[in-house]
Amino acid sequence: MVAAVDQAMDAAGLTNPHVREYVNYWAELTGAERVEVVSASDDSRLIKESLAAGEILPAGDGLYYSRSYFKDTARSEERTIVASNNPSDAGVYNNWRSAEEMRPLLEGKMRGASAGKTMYVIPYLMAPPGSPLEAYAAGVELTDHRTVALHMIRMSRVGVDFVNNLADPNSFVRAVHVTGDLENLGQGTPEDQRYFVTIGDERTILHFGSSYGGNALLGKIAHGLRQAAYDGWASGEFLAEQFMLVGITDKKTGKKYHICGGFPSASGKTNLAMTLAPDALGDRYYVEFYGDDIAWLRVDPEDGKIYAINPEFGVFGVAKDTNAATNPGALDSVAPGTQSLFTNIAYNADTNEVWWEGKTPEPPADVTGWADWKGNLISERAEGDDSPWAHPNSRFTTTLANVPNIAADFENPKGVPIDAVIFGGRTRDREPLIRAITDLAEGVYDGLTLGAEATFAAEGVDGQLRYDPMSMRPFMAYPEGAYAAHWLKVIGQAKDQPIFAHVNWFQRDPEDGHFLWPGYRENLRPLLWLMELKNGEVKGRQTPVGIIPTKDELNLDGLEIKPEDLDTILTIDNDRWRQEMGHREKHLKQFDGLPESIWEAHRRITADLEAEG
Ligand code: GTP
Ligand code: MN
Ligand code: MN
């Protein structure tokens, strides 16, 4: 086998001796029948092979459809662990375990588990080439699932050059994915066999027991977020966050602003980055997409500005409710010819059409040929079965270049300077449309107390409120107290401090449940207000929890909203907020070593709410 593995690497020009040793080790351990090195240029051949094998199905010109195993459709947080060799790396959310325990456990599960399969070797880069953070960006994913290779080619930059020419040839992330026998893994039971482990201080990722993107695309979630967060902290150099990143140009003044921010999974990052609608506000603004899920932030020692890069190369977006009104950009980016992939939506094998809830108001009237995300024919459904046709966490995968409003300079290795950091979640009451925060500690405090309703992006209960610090709860790699201190340190170095804001597009009417704010394309309006506030052009209204817009400051041209709904989303409900502060205190008390300035912010806000109430 060793000779064959070396031959495959020779043929692909994979010369890095450390990578070759790593590939040989895992080829042997997993028992893979053969090894294949993947570059982006292999995509069309891999697509043909996947079609021939029935792993993907045609979904129109240059579009493809796949289903993941029905018990394997979301990230599994309880099965996710960030391990290390240092017990003091244990936090509340990282499920820390020792590397000593995890490595043999995972090796045991993976031993022989790829027998009869091909192991794809995917050298990748999670950064625009030439980035100052490039030293943290290289990795090699090994996977025994061809569809994962197709996704990786879209979501990251893939090719042997990214690992052959490393300044330190040993400084790549080792990311091993073994699918396992999906039908016998006891998903969600006490006998669950799955393990999704990142060993932070060994820069090694070992994922066993899933082929769903959120668990299997190791460049994206495991490296881009967990490993990078650990590296950013260990080196002291940067932050890696589950953030979207957009640019807004005001053509009247010629100024360009960059805003990044975190919303928990399935809470609107992709939508915000793709759909802000400048056309709704005359011809004055244009909005550019930089990223929708991950940003790495550093302060440039020369000009003292905060720069953000999107380490990804593609978009892995939620399909549900995506349509021409909510997110036309997403539809364009998965248009015919874009080589996009769909996962777990509804599919018509006769016509190759696809559908998901919210694509059109009603599902196709003629159900002939239509099957739901599990592959069951709609025409054979039992009477009264009205379960969704598409899985609520079904996704589309496309490359950044397909996004219609992709920024011209999205590959600028330096990244873009940040003006604002926003946080937001699904919150049905209490949280106003936007509240701005000008103090760094208060901004970090706001991120740490981000709360949102749970969604289907992770296994769990939909709709239940839970805290999700900075939207990083599923990706926390080291203790939360140290995380807060690292934030204060990195952002504190910046000469130009960003403005912070908390946004909420999801406040609902308590009676009939309708969303009070139209959301989607209209979310540009509060962001423009935020930039005006930062520029001193508007004053807003100071409240104990931040500055909120007055009605006349918010651009409401052409907006359809009931006056009483607008009043509600621009009001602070003091009673609800005072209640919330008690929950926050309990939440923050879980974290050891939280910086005193965070507690000071908490006490200051609590006291201000009491004084007003
Ligand atoms: P991940 O990719 O899982 O990290 O999630 P995300 O933050 O990118 O979420 P996404 O933008 O895909 O949105 C998830 C869901 O929220 C979709 O079903 C959207 O239709 C819905 N959504 C997004 N923005 C808005 C909004 O402004 N208003 C309302 N009501 N729904 C929204
Ligand atoms: Mn995400
Ligand atoms: Mn997204």
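Backbone N, Cα and C define each Cβ position, glycine as well.
Note that TrEMBL annotation is computational and uncurated.
Record note: TrEMBL gives Ala266, Ser267, Gly268, Lys269, Thr270, Asn271, Arg395, Tyr520, Arg521, Glu522, Asn523 as GTP-binding, and the candidate from Arg426, Arg428, Arg430, Arg435 in that site is Arg426.
For the substrate site, TrEMBL records Tyr212, Gly213, Gly214, Ser265, Asn393, Ser394, Arg395, and the single candidate of Arg67, Arg75, Arg79 listed with them is Arg75. For ligand 3, the nearby binding-site residues are Thr270; that is, of Arg75, Tyr212, Thr270, Asn393, Glu522, these have a C-beta under 6 Å from one of its atoms. For the GTP site, whose annotated binding residues are Ala266, Ser267, Gly268, Lys269, Thr270, Asn271, Arg395, Arg426, Tyr520, Arg521, Glu522, Asn523, the maximal Cα to Cα separation is 23 Å.
Counting in whole angstrom, Ser267 (active site) lies 11 from Tyr520 (GTP binding site) by their C-alpha atoms. With a cut-off of 6 Å between Cβ and the nearest atom of ligand 2, the recorded positions Ser265, Ala266, Ser267, Ser394, Arg395, Tyr520 reduce to Ser265.
In this structure the alpha carbons, written CA, of Ala266 (GTP binding site) and Ser394 (substrate binding site) are 11 Å apart. Over the domain 'Phosphoenolpyruvate carboxykinase C-terminal P-loop' (238-605) the predicted model carries a mean pLDDT of 93. Long-range Cβ proximity for Ser394 (substrate binding site), meaning a same-chain Cβ under 8 A and a gap of 6 or more residues, is found for Thr73, Val318, Ala319, Lys320, Phe342, Thr343, Asn344, Ile345, Trp356, Trp373. In this structure, the binding-site residues under consideration are Arg75, Arg395, and the one with the smallest number of other Cβ atoms within 10 Å of its Cβ is Arg75. For ligand 1, the nearby recorded positions are Ser267, Gly268, Thr270; that is, of Ser267, Gly268, Thr270, Asn393, these have a C-beta under 6 Å from one of its atoms.
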